[in-house]
Amino acid sequence: MAVLGSPLLPLRLFLCFGLLFFSASCTDHPDQCMIFNKVTSIHNSRIQVNPKVYESNTVYTVSVPVNNTISSVVMKAVDMHHSVIGFWQKADMNCTSSALYHVKSPHEHVLEAKWLSPASTNINTVELQVFVVDFHKEATASVLKLEKSGTSPALITKLITTKSNTVTTTKPTVITTHTTHKNSANRVFRSPVRDAIQILLAFLTSKLLF
């Protein structure tokens, strides 16, 4: 029996390691556009958006002042429930909840990004979060609020918090967010498949071990 059981040992170990690797690989990945070494909230009244009131299914132009110390600008739009909404057009990198635009030239003074608001008419307030990132991966964050009423957008200083409620840190900071309905649906779809594979691996492992 020992002779017959010994060839099965590598297979048992392989299945055990496979189960652990699969479980680790199924965890959610952070938003790659939102990993910074430092985040500071500021009041930047020079950031402009046009049009100045919120309407559904409308293209907005966000103008962000930049200089030769800025490497990129990360844009993010959320509704009053902090769910990511809309679509950032022609971004250099689209991430889980945000979009990244590279500063193409050191002589560039204004970076423009276009955002398409969702078709839903149930949204009254939108926050456009702007992260201006330098070459040290340190970001300054500003929030521009668009309202459906006839009021002008109010650029406000708002603390962009992480899981540990830390704004400024020496370690890489990952900005967390709620996902869209599409991302939620993908996770709901993947969850039964992931559970089924884990159960199958556990079943095969138990059969080989016992």
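Yeah, the Cβs are placed from backbone N, Cα and C, and that goes for glycine too.
Transmembrane segment is the annotation Swiss-Prot gives to one range among 130-149, 190-209, and that range is 190-209. Separating the Cα atoms of Asn94 (N-linked glycosylation site) and Asn67 (N-linked glycosylation site) is a whole-number distance of 23 Å.
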